[in-house]
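As recorded in TrEMBL:
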type	residues	note
DNA_BIND	935-989	DNA-binding region
COMPBIAS	797-807	compositional bias 'Basic and acidic residues'
COMPBIAS	844-873	compositional bias 'Polar residues'
COMPBIAS	977-989	compositional bias 'Basic and acidic residues'
COMPBIAS	1003-1030	compositional bias 'Basic and acidic residues'
DOMAIN	935-989	domain 'HMG box'
REPEAT	9-41	repeat 'WD'
REPEAT	216-250	repeat 'WD'
């Protein structure tokens, strides 16, 4: 089929065009983006007739002397042909119509629009029209079955480039029915044309060309139905013999422009085509038998594409829509199945591989758009413009105090960008002549040279990039990740295990997502790495699989404002890294729950943990927003997908675990040396304990005592005392007994953990001076040594005085923080009348439950007693807390129990004699702050030991810093025997004679008191004198007075 390609000629202004022949083939009719319809007698016609139909004309159809056009004023107009006189408006849409077509007889017109609707209108009466709804994207193409039984339409094709706007689409998808017989439907799919059989809707063939490398836009059948012509994006025109599936003609556009309009002459010997530059061309000399033509015209493309075939009954002209069933009978809906390769080889029935997701930049819109967001994050917005007027980049900051807005000329064609508080990072792909470049505008630099640029090796392109605190990273097509300093110095580089998908940076953290392998059945096999920079560089997550929703892909990756990694998949599920659970990913939100329509989405721009919110932009009918007008940012709340969140129990559980998860960042920031909001942290802990107490009360009401104990295990020690009080007042003595045992366990655990907390206290919230940290730890060891000495001597004296009465109270534990634990311990005074119905059994039960709380010999608790007859409180002594050390923790506000004034007065009366009696057995209190100041002037035993052993520690661990040396020394000093530590302490005492003499005098007084057997009154007076001295040194915290409470009979 040899043919001649005639030179093209100018027809319309640059933009989308369409073409068709009249019924006789005498005229060629075209329309374009200038809004004109031109009628050509031939390609050589120098004065074609023009008809203006609006600002832009998107599509046209001609039959029976009626010219129908789709204009930009959202109307479908009718003009007479060839006169061109207006003949009314056929129908209207809320947006512009994208494609129109006649049926074979010319009695009906089908029109598709960008508002997701298709209308079928009767030509003889425009009021007779049917509207087809339910599409999820703008309509690209519509075509009638030659037998008027089906209406086929395309809304978007998943194999082609996606777009949220018809004007911005660069690919077309045009399908066509075979004329007359109507046995085959031709569907362009990428670089091929797939043929489907009418009756079975099965794919019966595929037409392809080895020279075709770009997607096919439009197809058209010859009037005889034997040949099929196709035009592609790259300007390739191909004609196939359908029966033999051979290419019989191939022509290339003289300038390589995209072919967007295609039509066969009614005689079959000529093809007219138009391109996106507004030019008209003709292929002449094609041999084909004469027949009526069936052409399909053009439109542009949008979102996810679906092919719908609607039944059309010829008797009544009504349309019935069915999207779910697949039947070949007339009157039922038919949806074409996904394309399946022709069975030329044995069929593989296993799972099919999933095309790998391409690399993208989080916070950006697709690169093929002329106006797009290159980056939108918590710092600012980077917009890119690439049109006829300008090729530039605009940088806008949310806070103008960071930097003023910038306008950059994009002469290198940058496609990837990132923005931070320090710099703007840009990258462009490489070409045949130029290498890929990485450009950085370091606007926070203090010198005058604020810009640097790096050329990548030949054949290596930047696919993803990000900025951190003082560094920049770029992932390339060579499976490499390159690190740079913010000033432009090249740093480390390492290989990635697979092709990169995206990367994100925050502070000293770098998050990398890549392809671990090939996914199957629509799944993506992605891996994630989390690297921690700074002084100690380490890999936190070692290439573990990234959990995505079923058949979804990654749509956003980044960090919260507090520095916690998170990501979002295409199903709208937001997942946050749970550092307290072994770096597992926890879903915290689903944006799809807030969408009103199936085609609506939320485009994420930022995530915050405090306050708990997801900042995103709602996109109506799209996955990403347009640049103009500026989109508004919405805020979505977090909600964990727990079960039964409509019930009171489920709501409180969701609130508690969400609070725990979203406040884990305090611990991470603290361990990394950052300052944190202590008030916010304490408020979060208070809310969590309140929620636990509410759930505890609800479980008690539901008589779920085992669940109540489970909740109590999550409480702090002092909140457990509140739970004991609630359980006792509710008459649940078995529960109170178990809770009292749990309180003792928590007290012992806290007692063992506090020395470690004291060691780490200087590094808890901020980076501090190394010398002050060392001095604080050395003082800590000195205090603990002093307490151990006092407590050891107290044990010896106590064993001599008490004899067999050790069961009442014991403070023999040598644990250093015993004073703090005694301060936090709660004392109980029980009335004899407490219990159910005032029965004696109930009274004994209450007494036994509360007595068991002091059974541990290592915890100072209250002495409990009750009188079975009077119902008044006995004056039983309780342990007065030891003098607090200078570094004591404040009691939580949730745990302050304000008793009535009368009860406070009575408790004060009871404490005085109790303290007098117990002071006989108490060890001397620790040194007051005034004494500590004196002790600091002299070296302690630990300091002397450290000076002698520092070289040994550094020889064993040469890489240790000063703070680590102190910690190592503390551990080794504690492993020494008591005699060795006493030896070093005595050496230190030799340097501080006054303090040593004071301690000797105290020991002498105690030993003489034991030998001479002082009377009880003398011991009482001595205890009162000690108490007075302690109060003068430092007053007790008032919270210790509130830590005791009594259960009174109502």
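Using the three backbone atoms N, Cα and C, a Cβ is placed for every residue, glycine included.
Those TrEMBL annotations? Automatic predictions, nothing curated.
Using DSSP to sort the residues of the DNA-binding region (935-989) gives these counts of helix, strand and coil: 44 helix, 0 strand, 11 coil.
Here the repeat 'WD' (216-250) has, by DSSP, the following mix of helix, strand and coil residues: 0 helix, 23 strand, 12 coil. Residues of the repeat 'WD' (9-41) grouped by DSSP class, helix first, strand second and coil last, total 0 helix, 15 strand, 18 coil. As a whole-number mean, the pLDDT of the repeat 'WD' (216-250) in this prediction is 89.
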